[in-house]
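The block underneath contains the structure these notes are about, expressed in structure tokens.
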Amino acid sequence: MPRQFSLENTRNIGIMAHIDAGKTTTTERILFYTGRVHKIGETHEGSATMDWMEQEQERGITITSAATTAQWKGTRINIIDTPGHVDFTVEVERSLRVLDGAVAVFCAKGGVEPQSETVWRQADKYKVPRMAYVNKMDIMGADFFNCIKMMKERLQANPVPIQLPIGKEDNFQGIIDLIEMKAYYYMDDLGKVIEQRDIPEDMRELAEEYRTNLLENVAEYDEELMMKYLEGEEITEAEIKAALRKGTIAVKAIPVLCGSSYKNKGVQRLLDAIVDYMPSPVDIEAIKGVSVDGETEIERHASDDEPFSALAFKIMSDPYVGKLCFFRVYSGKLSSGSYVLNATKGKRERIGRLLMMHANHREEVDMVYAGDIAAAVGLKETTTGDTLCDEANPVILESMNFPEPVIHVAIEPKTKAGQEKMALALQKLAEEDPTFRTYTDQETGQTIIAGMGELHLEIIVDRLLREFKVEANVGNPQVAYKETIRKSVKSEGKYIRQSGGKGQYGHCWIEIEPKERGTGYEFVNKIVGGVIPKEYIPAVDAGIQSAMNNGVLAGYPVVDVKVTLYDGSYHEVDSSEMAFKVAASMAFKEGMKKADPVILEPIMKVVVTVPEDYMGDVIGDLNSRRGRIEGMEARAGAQVIHAYVPLAEMFGYATALRSRSQGRGVFSMEISHFEEVPKNIQEQIISGRAKNNSSDE
């Protein structure tokens, strides 16, 4: 199948916004006008095409970024819908990574809300060209000009309005196009009948002022235009558009449009602007990668003639075709049925079917080209962030970094029969989502799930029930403590049972010493002259390790100790591996009690970004959580606080930060190291553990 749209006529864009700015509704309207959906879906009716997971339709928020292909005026537009909730930042990160440009949707009333700041900073990180669409111009309190002001102040952006609204709230009737200097009025409900008129008299002056602002702005991106402007010559529409496109792609200007997606006003203009100002794959820098040995940097240009390279950015389980792998083609072309190399894993993969995705149906294609976003069926080894490439020309593209999970809870199926089903389901979900982990707790034997926040884990539990029919009980979030010692001791362990028949005899002397934090366990055998025969030495080591699984203070695993076996005795008949294992275990337990044992807790490295006004409050709160502030730095209208805080004190922090910063603060945390717990808290942990154990019995 030959290429339908040239690379120049391809746009890969994301639609990003705060929850409730009307992002999904805007995407729905785009699909309606580009002819892909016959009946418009409404989010609040729960029928929106892009929100295809059941929980999304119930909660009215977008969780998984669905990729959709649409066409407008001879251009193919691939749209990635991204979620706006802070627990799903990984979805936003991974979609920004494969886009060429983004449309930021703002609510005309709320303006730049906290999540918009977060997403904006993520887009800054990847240098993604953006345009802005001020939505909901028809609602009470809508204020286009305040929204522009907030973009300057909160995002340190350079917004360039190319439209002005005519009227607002109930009286929102249409827009003034500042490039054509004409007014457009919407005459019907579906926004298909539009009347062009002259700019109304009462808005003439304002339009002239914003037109001047627009010309001054675009003149900066084109020297010829600058000369024309300074000499007062006429500047054509085509010249303005070309210069603004240049500024947008260089991430220096943000074209701003307005409308009301729900009332079908302004969406076709938005589509025109996507074609006019958003980059094609050819406009952005060639993607960089490295050779498989990591030695040489390799570039791949957006061209069908270069060797094939693509990045897998999302894995999904599909009820009809199994595992779907979404990928962005950066160079070359790929046909279904062919073999590719997964360079990240060093594995060969066969591409089964190739699908172009509409939000809820799919179209099978036999070939995809540079710049396309598609999904493949049949990939066994590939996970999020992997590079797929031509076997003869391997390359590893820059992958995505995913944060470590910050919260974990125990989970168990409601029925014994559900155990295996649950394990399989959790494994599938972990394949789809790199920030979700599942493992078994060695001490309690419980299954633990870990993720980016409470909503994240709630949705996982919800999906277990809906998609995999597994009912599960979930515990409270827990901290994984450890135990260690502070001084060296010598200790004896004797296990002797000799009362008729085969006896038991094991006897050893060990020295236990503290080691540096994070260096683990070390066993040294210093037995000379065979006082303990060689074959029993591994049993002594095993006995010590089994005793280390449960420390003497509160039963947490023991870490960072060195144990030296230096003396003992044995009995020719009664000694056995079992006897030495028990003796060593007894020696360790007795010795640890005398070695000044302490509990260690995980310390998190916490980074909080808040607007300056809330800084004092946030720092005070971190201090009250036993936090150590390590430093601060100013960043685009906000302060970034670096601190170390015990994990035990961080539960419920997302909610606390939200209320202390009126929802404008964001934070990330990852494990840094383990540290001794203060004495008073150690006592609380020990008594809490004792209570739990007695209630379990």
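Glycine residues also receive a Cβ, built from the backbone N, Cα and C atoms like all the rest.
What Swiss-Prot says about this protein:
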- 8-282: domain 'tr-type G' (DOMAIN)
- 17-24, 81-85, 135-138: GTP binding site (BINDING)
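Sequence-distant contacts of MET137 (GTP binding site), defined by Cβ-Cβ distance under 8 angstroms and a gap of at least six in the same chain, are ALA108, PHE144, PRO165, LYS168, PHE172, CYS258, GLY259, SER260, LYS265, GLY266.
For ALA17 (GTP binding site), the Cβ neighbour count at a 10 Å cut-off comes to 27, with all displayed protein chains included. DSSP assigns MET137 (GTP binding site) to coil in the three-state reduction, outside any helix or strand.
Mean pLDDT of the predicted structure over the domain 'tr-type G' (8-282): 82.
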